Each structure stands twice: as C-alpha cells, then as structure tokens.
Amino acid sequence: MDVNVELAEWSNLMIYSAMAVYTIALIFSAIDLFGRGERAPVQTALGAASRPAGAKGAVRTSRQRALVTAGGPDDAAEDADGGGAPGEDSGDGADEPRRTAGGKAVPPRRMARIGTALIAIAVVLHVAAVVLRTASVQRVPWGNMMEYALTATALIGVAYLVSLFFRDLRFMGTFVSGALLIALGLCITVLYTPAAQLIPALDTYWILIHVPVAIFSTVLLYLSAGLTLFQLAKQWYDGAESPRKVFRFLRRLPEADSIERLAYRVAGLGFVTWTFTLIAGAVWAEFAWGRYWGWDTKEVWTFVVWVIYAAYLHARATRGWTTTAIGVLNLMGFLSVLFNFYVVNVFFTGLHSYSGL
C-alpha cells in the first residue's frame, strides 16, 4: 500500500502548529500559576463537593492558620474569602467577581481560562496530526516511536481537558502544555520517522490490542506523576517554616492530601492497564516467537515498571510509609516508564527493536 506523502506533510504541519499554540498556552498558564491569585480550596478544586457548606476553609495547615492569626493581609483575605476553585466563582452568580472579607473584588483567573482555551486549540491540532498521519499510511498510528509518542501525548491532552469537567486541575496547565511541547519537539526531530508501512513483525492484529493499552497506561501514569509532583511541592511548602516568596504560588494549590489521593486513584487504574499490557505482550511473544518470556531487554523493563508500581500501591496501603516516600515511588515508576521508552528502545538491542530510528 502506497504512502500519501502529502497527507504526511500536512501531519507534520499540524505538529508545528500545535507546538506554536502549546508555547503560547504555556506562557499564559505560567502567568496564572506563578502570578498573584487566591488559594484554591480543596473541596472545590478537587471535586470534594460533599463537604458541608459550613466547612469551607476548615481544612488548613497549622502554618496557614498562624499566618491568618498573625494578620497577614493577603493570606487573611484569601482564607476569609473561602470561595470556589481558582478562577471559578461560587454560588449562582458565576460571572460576578467574588469579594474578600474586606470587600476587595477577587478577579477571575483570566490567564487560566485563556491558557486552557489555547491548550484545547493545540490539542485539536495535535489530534489532527495523528489523524492525518493515520490517513497517510492507512494503518494504526503507533508503528514506531514517533507515532507512539505523538498518539500518547495527544491522548494526554484530551484526558487533561476532559478531567477539567470534573476537577479543577488548571494548576497543571503549565506542566501539561510544557511536557506536550517538548514531546512534539522530539517527535519532529530526534524521533522523526518518515511515513511508511508497518514492518512485517508488527503487521498483526496484536498491535490493535497490546499497544493501545500500553498507550493508555502511559497517559494515566503520566498524569499521576504530574499530580504527585504538585503534591510533593505543596507538602514541602506547607511544612516549611519560612518559605521564600518565590514559592508563594504553591499556597494556591489544593491541599496536598487531596492531590495525593487523586494521584493514587489514577496510578491504580494505570497499574491495572499496565498489567494487561504485560500479559498481552507475553501472549503476543508466544504467538510471534513461540515463547511467553525470554528476558529480552524490553520485557525486563516492562516488568520492572510493573514491580515499581506494585511497590507503590503496596506502600500506599501499608502503615508506616510517609506520603513523601510514597510519592517518590510513584515518580520512580514513571521515570522507569520513560527509561523503558526512550532509553531501552534507542540504545538497547533486542527482539523489540521497533523504534524506526
């Protein structure tokens, strides 16, 4: 089957366009994250709507309560306000500016809204690049490292936007847009592979089973790792005696415990899908090479990833582990995912040499 070179070039153009929009979105999201604004109450920012109305602002760290008691004007106003999630207005008057206890209007997070809108536009361009790449070769868009990364990052963008309908995770806008920008840059440079048909070893129905689940697992584990980074940062800030002003933006994040719980749930689902990936890969290996397991480099590192996340989930369910140590395990798990993809595929030889590079 011939390759439609014109559609492949249009796909590349969509990648460049998405990168440009991601760059602008990164700027607006960074202004929102690092700029001056109100703190995000956990019950609205992370969807804990079941908390009684009288409990607004009740969840505070001892350091934050001390700041309010000491009469800090900014912190006192923020805690006294106790409004909704960042950039969102509480009550029915969603378009009316909220006010602090002193009567000062709290402006909506316009930068966050602009950044989110730009991320949405970039994701549309990103998905268009995947669709055009698929149309150019008339097959699934994950036949090599470039296509795998292109598809996985597109799904990360989609998953992030969908999650905003349920949780106010706009504090992750900088993390998401920045990571997707870097990933697309790698796709169009280091990982770039001209559009071509599948190699014979991949031209089987198993590529429709094993690889999509692996991509979905990568998306979930990435989002969990991102949440964990913010959880650890927030946890450090809340425990610091006198953090520098440059880190004051961290006080506007939801409570660390709530971020950690969400990261755990996402990682738990990612572990289930990664387990399926491991099992499906073994079945495919038996189909292709006549054995389920052969200690190939890729097989070993896929198992290493599984072991690390199993340890993370076990530690999360076991007493005696601090949330910091548990979070570090989560990050180690995702670092092993990145190592398995970028390092093993490129620098190690084996039966799974399908990078296309």
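Heads up, the Cβ atoms here are built off N, Cα and C, so glycines get one too.
If you look up TrEMBL, you'll see 149-352 marked as domain 'Cytochrome c assembly protein'. What TrEMBL lists as region 'Disordered' is 45-106. Here TrEMBL flags 13-34, 114-136, 148-166, 173-193, 205-230, 262-285, 300-315, 327-348 as transmembrane segment.
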Considering only Cβ pairs within less than 8 angstroms, which of the stretches 148-166, 173-193, 327-348 has the most against the transmembrane segment (114-136)? 148-166
Let me know the model's mean pLDDT on the domain 'Cytochrome c assembly protein' (149-352). 92
Which residues, given as numbers and ranges, are at least 6 beyond the ends of the transmembrane segment (300-315) yet have a Cβ under 8 Å from it? 221, 267-268, 270-271, 274-275, 277-278, 281, 321, 325-326, 329-330, 332-333, 336-337, 339-340, 344
